[in-house]
Every structure is written in structure tokens, then in C-alpha cells.
Amino acid sequence: MIDILNLTYDELEAWMTGTLGEPRFRARQVWQWLWQKNARSFDAMTNVSKATRARLAEAARITWPEVRTVKTSSDGTVKFLLALADGALVETVLIPSESREGKVRMTQCLSCQVGCAMGCTFCSTGSMGFERNMTMAEILGQVLVAREHLGDDRPDHPIVRNLVFMGMGEPLLNLNEVMRSLRTLNDEFGLCFSPRRITVSTCGIEKGLRELGESGLAFLAVSLHAPNQEVRARIMPRAARWTLDDLMAALESYPLKTRERITFEYLLLGGVNDSIDHARELVRLVSRTKAKLNLIVYNPAEGLPYEAPSQARILAFEQYLWSKNVTAIIRKSKGQDIKAACGQLKASELAELAGMAVTEEPKKEAE
């Protein structure tokens, strides 16, 4: 029995016409039920004949991640602990913002692996180690769960507006499933997210970088976090196997759309990478390409030997970058009180949570 959410549209159409003997238009109907109408069962597909629904139910299943816990931060950030079909546990986060019209909008942070192989020394997920890659169905299942939780069931996504592959895992080490996910996200009859609303963040993996760029399916963000090879090798030992010089050389030829820039994420670690000398090196580095910088203040994580810089050092770092015509924005941290902020996603407590019943706080109304 196949997991039907794991099929791209072309695969679904080929399977339904070939294996089930259905006309092509049936595949389009089923596809829209799966991705636009949040159908959890074939019985819900009311414009599909009963006979076809019965054949579908005999040959396929619709498997969503199981919600184990839902935690809501004082700032409105929502963190889901999800169990996959084999019992593996992952997290996804909804980060709120307010539109110019005063309406609540959400950015969803997606995981793409169970654990992470990169082992970055400042990241809680990195301390978990790597278990396995997630499938397309598991990656996009996070979106389905969040949309259902928020009542966001319209194709124009009035609530969940942006998606960022910045959760657990390194996307370019799960390139095949991430690319399949991006195509389904972009499909106008699927989840229907514009590429301009999707960002894929990578530590800088040579394999896959060019393919992602040429696809045009998402914006690129690079987890840089260091202005030189020595610091990067110390805090990101596995990512540093590909040197900063090689990374920047690849990014110099990365295909960008008009007015598009590469976002560099830079985590400010007190006494490690936050001096003016570091800022000076950083300017020289990122000036090699069209760039903007997201400055992220370190979020404390249990067992990790780092601290946030002082506010004075943070502002001095930012001001130096601006003085050299480098766009730099200090990203406001959200969800710290529920361990949902950058670098805090971790399934270390997941074994004890595995048997926990669903815990969900009252939903907040979104305008």
C-alpha cells in the first residue's frame, strides 16, 4: 500500500491512470483534495465516485504526522511536536507577524530530517545526531497540520504566508525529497506557494546548490555564522569541510533573479564572532556576491557553551556593516520561552514524550 502524499502530481497521474485505470481528470480531483482541501480520508472526496474512492482506499493511504504536543509562546509563536509513521519525532514552528492591515500572518519553519548530521556546536538539533531523511509526505505533512490547526484552508493562504526550510536538518543533504516538496509547494493545484514565499537555508553544501538555484523554486539562505575559515571550522566543523573560499566562489555564480539577493544568516556568539574585526572580515567576504545579512542573537540552549553578546556589541556590529553599505537586519527572536527560537529545536526529550497524549493550548483567533 502506497502513501499517496508521497507522490508528485506526475507520479499520481501515472499511478491512477495506469494502476487504477482512472481518467486523468480524476488525478487532478484527488490532488486538490489532498493538498488544497486537507482531506484526511478518501471518503471525504465527495466529487470522486464511490467506486474510485473504494479502489483508492484498497491501494493507498493518506498519512499525516500525528500531533503529540502544541505549545504556544507568549509572543504567539506555536511549536508542534509531531510523530511520523515510524515513531520518529520532529518539530515545526509557526512564527507570527502582523501585516500592514493589522492581520496576523504566519511563517512556518519546516524540518527536513530527523536530527541533523552537521553537528554545529551552537545548535541543539546538531547535538541530537542524524537519524534519517524525511520523505516529501512527511515534510509537507507539517504544512497540512499547521493549516488545519489554524483553519487556513484557502488556496491563497491567508494565514500561513511564508515557508522556511530552517527547522531540523540540512536541506541539501536530503536534496531529492526537498526538491520534490518544492515542486508540490509550487504547483498551482497543489499547495500553491509562490517561490517568492519559500526560503531554503543551507550550511553550504556543494552538492545540490546549483540544482536548487537553477530550479527557481525557492530563495536561498546560507547559514554562514563565521567571517573566516578558522572560526567556521571551530563552530561548524562539518560544514567547514567545504572552505569559505570555495563556498563564496560557488555563490558568485549562483543564479539570481532580478533584484534577488542571497541571505546570509549570522549568529552572534559573545566573544566568538562578534567583534568589529570580525565584522570587517565579514564585509570583505559577503561583498563577493549580492547579499543581505540576517543577524541572529544567540538563544541560550541547555548544555551549550555560548552566550549572547551585549546589546552594545550587537548594535556596534550592525552599525559597522551598514557603514560599509552591507544591508544587515537584527532578526527579532521569537518563541524562546517554548524553545522554538533559532537553534533551540531539539528532540532530546522526545523519548519521554513519545507516549504523551496530545496537549494543545487554545487556538488564538487570526483576523
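Glycine is treated like the rest: Cβ placed from N, Cα and C.
Copied over from Swiss-Prot:
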type	residues	note
ACT_SITE	GLU91	active site, proton acceptor
DOMAIN	102-337	domain 'Radical SAM core'
DISULFID	CYS109-CYS342	disulfide bond
BINDING	CYS116, CYS120, CYS123	[4Fe-4S] cluster binding site
BINDING	GLY169, GLU170, SER201, SER223, LEU224, HIS225, ASN299	S-adenosyl-L-methionine binding site
ACT_SITE	CYS342	active site, S-methylcysteine intermediate
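Where Swiss-Prot records a feature, it is marked here on the structure.
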{"residue": "CYS109", "record": "disulfide bond", "contacts (Cβ under 8 Å, 6+ apart)": "THR92, VAL93, LEU94, ILE95, VAL164, MET166, GLY167"}
{"residue": "CYS116", "record": "[4Fe-4S] cluster binding site", "contacts (Cβ under 8 Å, 6+ apart)": "CYS123, THR125, GLY126, MET128, GLY129, PHE130, MET168, GLY169, GLU170"}
{"residue": "SER223", "record": "S-adenosyl-L-methionine binding site", "contacts (Cβ under 8 Å, 6+ apart)": "CYS120, SER201, THR202, CYS203, GLY204, MET236, ALA239, GLU265"}
{"residue": "LEU224", "record": "S-adenosyl-L-methionine binding site", "contacts (Cβ under 8 Å, 6+ apart)": "GLY204, ARG232, PHE264, GLU265, TYR266, LEU285, VAL286"}
{"residue": "HIS225", "record": "S-adenosyl-L-methionine binding site", "contacts (Cβ under 8 Å, 6+ apart)": "CYS120, PHE122, ARG232, ILE235, MET236, GLU265, TYR266, LEU267, LEU269, ASN273"}
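Taken as a whole, the domain 'Radical SAM core' (102-337) shows an average pLDDT of 93 in this prediction. Separation of the C-alpha atoms of the residue listed as 'active site, proton acceptor' and ASN299 (S-adenosyl-L-methionine binding site): 17 Å, rounded to the nearest whole number.
In this structure the residues listed as binding S-adenosyl-L-methionine are GLY169, GLU170, SER201, SER223, LEU224, HIS225, ASN299; their two most distant Cα atoms lie 20 Å apart. CYS123 ([4Fe-4S] cluster binding site) falls within neither a helix nor a strand when secondary structure is assigned with DSSP, and so counts as coil. In three-state terms derived from DSSP, GLY169 (S-adenosyl-L-methionine binding site) belongs to neither a helical nor a strand segment and is classed as coil. The recorded positions GLU91, GLU170 differ in how many other CB atoms lie within 10 Å of their CB, and the one with the most is GLU170.
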